[in-house]
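Asks: Pasting in a structure now, in structure tokens, and then I'll have a few things to ask.
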Amino acid sequence: MLNRDHDAITLQEVGGVSGLSDLLKSNLDRGVSSNEDELLQRRDIFGANTYPRKKRKSIWRFVFEACQDLTLVILMVAAATSLSLGIVTAGVKDGWYDGGSIFFAVFLVIFVTATSDYRQSLQFQHLNEEKQNIQVEVIRGGKRVGASIFDLVVGDVVPLKIGDQVPADGVLISGHSFAIDESSMTGESKIVHKDQKAPMLMSGCKVADGYGSMLVTGVGTNTEWGMLMANLSEDIGEETPLQVRLNGVATLIGIVGLSVAGVVLVVLWIRYFTGHSNNPDGTTAFVAGTTGAKQGFMGAISIFTIAVTIVVVAVPEGLPLAVTLTLAYSMRKMMRDKALVRRLSSCETMGSATTICSDKTGTLTLNKMTVVEAYLSGTKLNPCDNTGMMSSSVASLLVEGIAQNTAGAVFSPENGGAAEVAGAPTEKAILSWGLKIGMNFNDVRSKSSVLRVLPFNSVKKCGGVAVQSDTYVHIHWKGAAELVLASCKSWFSIDGSVHPMSSDKYNELKRSIDDMAMSSLRCIAFAYCTCELTMVPREDLDKWQLPDDNLTLLGMVGIKDPCRPGVRDAVQLCSAAGVKVRMVTGDNVETAKAIAFECGILNAKDVASETTIIEGKVFREMSETAREEVADKITVMGRSSPNDKLLLVQALKRKGHVVAVTGDGTNDAPALHEADIGLSMGISGTEVAKESSDIIILDDDFTSVVKVVRWGRSVYANIQKFIQFQLTVNVAALVINVVAAVSSGAVPLNAVELLWVNLIMDTLGALALATEPPTDNLMKRHPVGRREPLVTNIMWRNLFIQALYQIAVLLVFNFDGKRIFQLHNESREHADKIKNTFVFNAFVFCQIFNEFNARKPEEKNVFGGVTSNRLFMGIVGITTVLQILIIEFLGKFFGTVRLGWKLWLLSVAIGAVRYTQENSIVETKHFFLLYKRLFCDML
């Protein structure tokens, strides 16, 4: 209630933040104990920092939704009618087969569809939980440790910095320039400054500026954010652009299928009621004035069932399902590759990326920084922590600047062990160096009090602090070396005396900076100035602009951040794939250039071009037209601000590029949002950056970005594979049934058989082809354009030749099967059943082998790497086994009869024919001898 009502009066009554901390048995400096029993006790008393989830849909809900498919509903009505009439006319023992078989096939389709959808929902729910599991820093036992947001307890002390999400309700302990964006709770996009007068912090809000620490006072459903989230359910119904396109394709094909089915229905009914349709024994099916009403109605219902089933086969509901399956599969695998997808559409878009604008620090480099060079009092230290010759007055000023002008912290164990440094990597490197040169962190900070803090600013590239000790005020600045040096009017010599900054000395120091930068070091400078106590405003300290134009240089350091292993290979892989990698960094241009060489982003040819490497300020000052002209050529941008990155993204998009951008800071949010694909960093990234991004790179590694590109291309490729497979079956099944129906009044594939084919090609086919892992060949192609057709010329070729082959061969056996198989001595009914069973079996095996063809539409060896996809092999194996069971043991349900081994072998051989990429003709060389031998044996 304290936070919910913003009750500052009650807070003062309990003694302010300090008194509240005592009531909660916490310590403002050391936090609560890290003892698990105490943490568990606090959760029992105050609650956990979680909220009840909306109950997820059960599998029965998915079964119910699958049952609502209109075509399946029509089939169930037709099956019920057929079942009831069959039992009435032929008795229970023999009359239930037709209707019961259709019911069984429909229920099988519903079960497989519902199970598949249920599994996908579980995967999406798991990914949503991962998105909400934010990692935070918390002080426990005086030590900064990482913890899940769900593990926070009342009494915890949590450090906060710009870009962080407030993880629970709490009270501000202390802060500098601390401001909160409360728009997520209040709806007003107004930045609220927080101090001791207004210390209440609400869970779910974002830190807009500054840094500070908070005492947790409310967690979970005891916060407004928790109550709000408990009443919301995560929306997993996002439709990606590819799904929208495929829904349109499916609708169009469905309309065609419906029209064809309508024609078939009318033709078959006309033939039936005019006496041109025969029963299996050869007698006329319907004779006007002779055939009974029930029998005539049953015949009409059977024809209607066939027409409806043709619609089922024609409607490619597997197309949108294939997108969902491949996205879910890719998202799960991408998690293993350290990439968390926040927006489904980014999976598809990443496959079309033509350029990646990458940060340097932590993405291309390890983000493990150490000070390796130092210049103090105008002299290079060797080694870099050798400050023995330096004046004690200069050393004390430098140490004061390091200890006070930082957002990091140093934890000194009570048992006297090695000090532990916490904070951002750059802060940790400088603090670690400070400890080496004799800094006692806690002692130095206790000797002076902080008056005003200006946190590091990505535009100014520096941060400052004003500290007071007795009667003097020191203003310390730390930041980009060349920018701080430009503000210095004097420098300290080794004996502690101050000298004016001459042009010679400035050039000498500038050369030192350039030398460090060319050695791929990040250059940081320290400077200070004094200020009269009377110049410090007594009120509104937060508005005091610290003086920064008359500084005295204290020293400079060079920080080494090695390139990540594998980055060079990853950059080369991107280049081969037609994806240009650009480095956009706030570091010195020379440092950026040196790192770009190490990573393989730059080569000697690139350096010859003036526009390849550019400074952010130069790019910023260009006109919009000029920026567009130069954007394509830029490979490295140094000393860039977040706005420069945004301008580069906009210019590249106007040039037609599909742009991916990496970012970690709050100020990167506009560029991440503007880019086609925003990639935030999971370790170093702020919550603001993560919420503006589409994908979170969990290990901050550029090689993981390249894996995302690979998976993005795999999504598109898998959809194309399934489209080729699906449309081939659609065309073949439709044409075979239509031609047979119009010409002979009967169809070779009955309703139950067509439902089984539908299951193979829709759900099982989607599962098999949508889960193909990415291959190396994907990164040897150029990106797929956004407006390129889904069905390529090669796919059209494969589709038409395969469909034409199936139609031609199966129609030959349908019309001339009795003569080919020499069934003259068989009864007409049995001969038709053998012929139709063979056509059905051959058609199914055509689809089974067509799945292999569809795996690699552009390659000759379609079996390469097939064993690595266990799911594909499992589905093909299960389909084959079920087909054998259907023919050999379930003939009554499917209207089939057993086939001899020769017909089995022939039907499998027909399906096994495939096509080569080179000549696009049927590769029947190995099957002609087999066919000839089989026919000779039959004759």
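The backbone N, Cα and C atoms fix where each Cβ goes, glycine too.
Straight out of TrEMBL:
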DOMAIN    13-87  domain 'Cation-transporting P-type ATPase N-terminal'
TRANSMEM  62-90  transmembrane segment
TRANSMEM  96-114  transmembrane segment
TRANSMEM  249-270  transmembrane segment
TRANSMEM  301-329  transmembrane segment
TRANSMEM  727-749  transmembrane segment
TRANSMEM  794-815  transmembrane segment
TRANSMEM  871-891  transmembrane segment
Asks: Which bits of the chain, at least 6 residues beyond where the transmembrane segment (794-815) starts or stops, bring a Cβ under 8 A of a Cβ in it?
Replies: 720, 723-724, 727-728, 731-732, 735-736, 739-740, 743-744, 748, 835-836, 838-839, 842-843, 846, 850, 853-854, 857-858, 910, 913, 915, 917, 920-922
Asks: Per-residue pLDDT averaged over the domain 'Cation-transporting P-type ATPase N-terminal' (13-87) comes to what?
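Replies: On average, pLDDT over the domain 'Cation-transporting P-type ATPase N-terminal' (13-87) sits at 82.
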Asks: Go through the chain and flag residues at least 6 beyond the ends of the transmembrane segment (727-749) whose CB is under 8 A from any CB in it; none is fine as an answer.
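Replies: Hits for the transmembrane segment (727-749): 253, 257, 260, 263-264, 267-268, 271-272, 276-278, 306, 310, 313-314, 316, 757, 760-761, 765, 791, 798-800, 802-803, 806-807, 810-811, 814-815, 835-836, 839-840, 843, 846-847, 850, 854.
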Asks: Would you mind splitting the domain 'Cation-transporting P-type ATPase N-terminal' (13-87) into helix, strand and coil residue counts from DSSP?
Replies: 47 helix, 2 strand, 26 coil
